[in-house]
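Now, the feature entries from Swiss-Prot:
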type	residues	note
BINDING	Cys69, Cys70, Cys134, Cys164	[4Fe-4S] cluster binding site
Amino acid sequence: MSAANATGEGQDAIAWNREMLPPGPEQDAVIKGITGEITEKGFVVASLDKLVNWGRTGSLWPMSFGLACCAVEMIHAYMPRYDLDRMGIIPRGSPRQSDVMIVAGTLTNKMAPALRRVYDQMAEPRWVISMGSCANGGGYYHYSYSVVRGCDRIVPVDVYVPGCPPTAEALIYGIFQLQKKIRRTGTILRG
């Protein structure tokens, strides 16, 4: 073991890389350092928060709460062109099996209790993506007496995806933003 490794110098880029590096020589150096650590010691040290958040971001299971035409755009994100399945984002039909709810479409006053009930059935930790202008703030039907002016009045929303209807690319970008948010949060309650 060299003197630099014994004092911990030179390991900052390897051990505490906070941002994802683009492909290139910097990323190659980080990967080489990690694989070298594995071959020397047989293990890699990481914090539990980072490990758990890595698992959560790599296996999001969204449940569609499709209320209107935005739900059709959501289906496009799962088709072969974008294929969210290859990123570990597998759609689920049951709230008990999902950890992300995508609210897409106009939420009416009559449907609001059902949305809250489904949200309450989801296991912790759970996240909500509001997709489209109608789910974000009422959209075209904002002034109607029967429309909730944003699903954030019923459930807490983590990511808003704008558009009428938003494209599949916009939804995928919203999912990536949710993954960033999950990476930033702590998993262990410290008191």
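Using the three backbone atoms N, Cα and C, a Cβ is placed for every residue, glycine included.
Cβ packing within 10 Å was compared across the binding-site residues Cys69, Cys70, and the lowest neighbour count falls to Cys69. Of all the binding-site residues listed here (Cys134, Cys164), it is Cys164 whose C-beta has the fewest other C-beta atoms within 10 angstroms. Sequence-ordered, the extra residues of this chain that approach the [4Fe-4S] cluster site, with Cβ no more than 8 Å from the Cβ center of Cys69, Cys70, Cys134, Cys164, are Ala68, Glu73, Ala104, Gly105, Thr106, Met131, Gly132, Ser133, Ala135, Gly139, Gly163, Pro165, Pro166.
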